[in-house]
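Here is the structure we will look at.
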């Protein structure tokens with residue numbers, strides 16, 4: 001146990017090589033928060049007794065009740081360790097960020113990852129790698145974050161499932177292999193090989209609930225002394241196909257009669273024997289073992305029996321805190337090392353300006369550059385700490401800084417505030433400590449700048465500094481709810497509350513429809529539910545009436561327009577000719593993932609479009625814009641030749657395109673995956689007759705006409721559902737999915753367990769209350785996990801009278817208070 005003073009912490013903060021910024025990531029319920037307790041307990045912020053039950057990082061009342069982590073919290077830990085590099089024992093400061101595993105909160109995970117350099121990936125030994133593990137690990141690797149693995153809940157394998165040592169070994173190898181497959185798929189050459197290997201010490205095994213864990217390195221240290229070999233040699237032997245023959249006392253690569261796998265014999269068997277002797281109450285046997293292991297029980301602990309005794313003994317022998325902190329300190333990078341290869345991903349500006357150099361060297365004397373990844377609510381309602389990480393320079397109380405929002409461009413005035421920082425604070429889970437200043441490489445909370453930032457942003461002192469790239473979220477908000485106050489007089493309170501809500505959660509989108517409705521969009525039912533609850537109790541503190549959840553749709557086309565569409569301007573002097581066609585498969589997703597974007601070099605982009613998607617080279621060079629919001633998955637291509645004055649109307653056409661793609665023709669939803677071709681333009685010679693007022697509405701009309709003639713269709717969002725359940729309830733799962741238009745595309749039994757893993761696609765529109773219904777159908781044995789996966793075409797032509805799709809379109813139009821009928825083509829198409 002260590003009791004800190006702020007001065008001591010501040011002293012280590014100045015040594016970037018002794019800092020580790022890391023987060024704990026895992027699938028929901030794989031025991032992340034419980035494990036974090038062992039770490040916090042070791043670093044001396046909770047009293048030792050509470051570990052395993054305290055769930056220290058779950059700071060909100062609803063997290064404690066629901067037993068899930070919703071917001072990610074940061075805690076600083078202190079640990080002394082000898083890295084065996086000749087410098088002796090050194091103090092380390094570990095900034096730990098516990099992040100949620102539930103998929104609806106994966107925006108929180110993204111925010112947590114941006115400010116860390118390493119990740120502890122937790123996987124349940126019995127359940128293995130699940131969908132959320134994969135999603136989060138993929139996000140981590142995209143951010144160039146180095147992983148280490150902890151295989152958790154080994155106590156289940158020993159006590160519930162009573163596995164033998166060899167079964168456990170086979171199971172461990174399978175889990176590690178699955179993790180490494182994901183790592184090698186998504187990793188980056190610049191980081192080198194980041195796969196995890198037990199024999200290199202980057203994998204630990206243990207139980208968060210019982211508070212014990214071990215790495216191969218830990219046992220290798222013990223046996224290396226005993227056998228008189230080097231530790232590194234011993235580590236190689238204790239894993240993989242190395243067998244020990246007790247008669248000849250030799251290690252072999254192949255299994256001979258009488259020899260056993262070294263991992264099983266030297267590591268798993270002693271643990272299994274200790275478990276069984278304690279659980280069977282064989283006192284003579286386990287007391288002798290404890291003497292050999294050097295574990296001494298003191299005072300009250302001597303009277304313990306059964307599980308409490310087991311927990312105590314394992315904690316004393318293989319303390320989880322020590323093992324994990326050792327692994328973190330030894331195998332995760334310090335900011336000084338990590339920022340060298342992360343700077344390209346993080347910094348938007350040129351890689352050789354003073355800020356980029358400061359980040360690369362993690363230099364406390366360079367100009368300040370800090371990224372605020374999220375807003376943390378303070379104890380007084382409605383104010384927030386800006387939580388983030390200093391990448392370069394030093395941030396101090398009272399310092400005058402430039403607060404740059406995500407839309408800031410160097411040299412511009414938009415989204416820029418110059419203000420003083422009132423206080424800098426250390427975030428300690430439930431507590432906050434004041435600190436005078438914080439140098440590069442550390443995480444920090446700032447007071448007094450929350451009103452100038454919406455969700456995230458960059459804080460600098462250099463006038464030339466660019467932004468740190470804003471975060472890419474892996475989930476898109478597809479579930480929306482309209483909210484209104486129960487008493488209309490309280491509308492202003494609701495509006496204020498919505499502003500605070502959108503600050504506190506990186507992924508919520510709060511908007512106001514033209515009808516005056518206030519909409520909250522989230523990425524799943526649970527997410528929206530928590531947001532509404534926050535809004536009602538915390539931010540607005542009024543009674544709220546929420547509508548049923550509404551699903552966002554997208555509009556697209558499936559053919560090339562069957563005619564060239566023409567629209568004339570209101571003064572009849574200008575004509576625009578256009579067609580629409582679908583974008584090639586895969587390009588839409590590439591645009592959404594940012595692989596093809598308006599910021600790319602036009603030459604490189606046109607080569608990619610030509611080689612991969614068969615675009616015409618000339619057309620690919622003449623893409624005018626992407627939309628909606630200038631980055632969306634629709635493009636406008638200029639295929640005209642030799643038109644006078646064309647450049648003058650380009651901006652007007654672009655704004656018409658943004659407008660048209662934001663509110664599609666069928667039911668004013670966003671368009672997706674459409675390519676508009678501008679074929680020909682006839683313009684009036686006088687500039688005064690071809691201004692924005694003439695061109696913009698005309699261009700929008702011709703786009704609507706082009707979309708209507710190209711077989712318009714609706715797209716609906718689909719969830720990927722992953723369900724693990726026992727074999728006997730599979731029938732109930734299929735029945736529930738079939739009632740809701742879901743279809744199963746993958747089912748496999750999990751080896752070594754009675755569980756079956758099922759993956760299915762389920763339309764978001766039919767996913768509400770799915771969890772509740774599924775639990776009822778399977779008597780609570782099936783656990784679904786939904787994550788937005790893709791947009792699926794709805795079969796059926798919305799223009800066909802009486803079709804189901806037409807009904808759907810009408811329903812959406814009714815909800816939006818616009819005329820029910822889809823406007824006729826004649827409204828948009830003009831004759832010559």
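Each residue, glycine too, has its Cβ placed from N, Cα and C.
Note that the structure is predicted; figures quoted are calculated from it, not measured.
Per Swiss-Prot, the range carrying the annotation region 'Disordered' out of 522-550, 551-579, 580-608 is 580-608. Cα of residue 152 (GTP binding site) to Cα of residue 689 (diphthamide): a span of 72 Å. Rounded to a whole number, the distance between the Cα atoms of residue 689 (diphthamide) and residue 154 (GTP binding site) is 77 Å.
Closest to residue 689 (diphthamide) by Cα-Cα distance, out of the binding-site residues 26, 207, 209, is 26.
Across the compositional bias 'Basic and acidic residues' (593-608), DSSP assigns 7 helix, 0 strand, 9 coil. Under DSSP, residue 152 (GTP binding site) is assigned to a strand (E or B) in the three-state scheme. Secondary structure from DSSP puts residue 209 (GTP binding site) in coil.
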